[in-house]
Amino acid sequence: METLAFTSISDATTYAYNSNSTDKSNSSLTWNDVKAVWLTSQIFSFVSCTLIIYVIVTMVYRVVKKKIKLSEIFERGLIDYISLLAALAVLLYVVLEIPLITRQYEPYCTIYEKTKVTCFGLSLMCIYSVFWLRMLKAFYLKSAVRGNIGRPLRLISQVTFALLVAMTVIDTGIFLSAPPYRTTALGCEKSGLPSSIAKWIALITTTSLCQGCLLFYFIYPLHLHRKRMISHGINSKSVLPLIKRLVVTMTICVAANIVGYTFIALYKSQTVYVTNIVLGSNLLLHLALLLHSFQNWKNRLFPCCDNILRRPSTWVTSTAEHDNTRKPSQSAK
């Protein structure tokens, strides 16, 4: 699944010549066949690593700045720590594409592939856990709401998290059980064995079931809350933007997974450069949606510009206060 660093085309040719008989069966694949996707993979990896490292630095800065005590981790810092773990897992997944740390000897590709699969599952698990935990703290654990939503609805949070863990374990296990990749001069190549249909059925079923429950977990309680507000004569639309934001976020996540898994199932190639780019892009999209789901995402991404970002709202407030102080004097005249 990984690119290999060559100083010249002759290096690849020499390595291929010295490869064992198993690799010689794929001699029809040349350096010119993979050069374009190899270069694309490197550009994607370097750019992605730069962006993710910046995000990790801002996350660490936020955690250090908050000075969270050990007893306050669940109340104040658990979301930040899980988000940081997700970013680290995404970084490890992407950084393995950079040829500076690759090796051209067996069983590099086998170990490399299993590491990437584990990082992929861990990162998605952390990202969805943050979504789940934010909704849990914002709605299900609220004392004013907990007594009105009923026990069956409260159990949804536990069932949803259990399905989330099950989805991660099953999906990760499916990919870990795939045939190992061979280390060749042109990168990590697939073994050529056909993928089992049952594998993709299990993958699609668990993913659809879990993410469908996540959508219900977000949407139904907010819909129920708004319905009860209207029944009490409180016709407020303050909940609607939150519903739309959550629905759009989860819909994009679901669509990205469906498109990514479908592409992997249908795309045929001896190497896995393109597959890595697709899965890496999926992780970057999930991480970006995670950051954007916070209302203060600008302050999280640009902590050094916190005062500048707050200045416009402060200016509007001071202007409004100034106008209010002028109105009585003008009316007196």
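Heads up, the Cβ atoms here are built off N, Cα and C, so glycines get one too.
Taken from TrEMBL as is:
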type     : residues : note
TRANSMEM : 36-57    : transmembrane segment
TRANSMEM : 78-95    : transmembrane segment
TRANSMEM : 115-134  : transmembrane segment
TRANSMEM : 155-177  : transmembrane segment
TRANSMEM : 197-220  : transmembrane segment
TRANSMEM : 246-267  : transmembrane segment
TRANSMEM : 273-291  : transmembrane segment
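For the transmembrane segment (273-291), the residues of the chain that approach it from at least six positions outside its boundaries are 1-3, 34, 37-38, 40-41, 44-45, 48, 51-52, 55, 83, 86-87, 90, 93-94, 97, 116, 120, 123-124, 127, 130-131, 187, 249, 252-253, 256-257, 260, 263-264, 267, 297, 300-301, judged by C-beta separation under 8 angstroms. Remote same-chain partners of the transmembrane segment (78-95), defined as residues 6 or more beyond its termini with a Cβ less than 8 Å from a stretch Cβ, comprise 44-45, 48-49, 52-53, 55-56, 59-60, 62-63, 66, 68, 101, 115-116, 119-120, 122-123, 126-127, 129-130, 133-134, 279-280, 283-284, 287, 290.
Long-range neighbours of the transmembrane segment (197-220) within the same chain, counting only residues 6 or more positions beyond its ends whose Cβ lies under 8 Å from a Cβ of the stretch, are 128, 131-132, 135, 153, 156-157, 159-160, 163-164, 166-167, 170-171, 174, 178, 243, 246-247, 250-251, 253-254, 257-258, 261, 265.
Long-range contacts of the transmembrane segment (155-177) within the same chain: residues 114, 117-118, 120-122, 124-125, 128-129, 132, 135-136, 140, 199, 202-203, 206-207, 209-211, 213-214, 216-217, 220, each at least 6 residues beyond the stretch ends and with a Cβ under 8 Å from a Cβ of the stretch.
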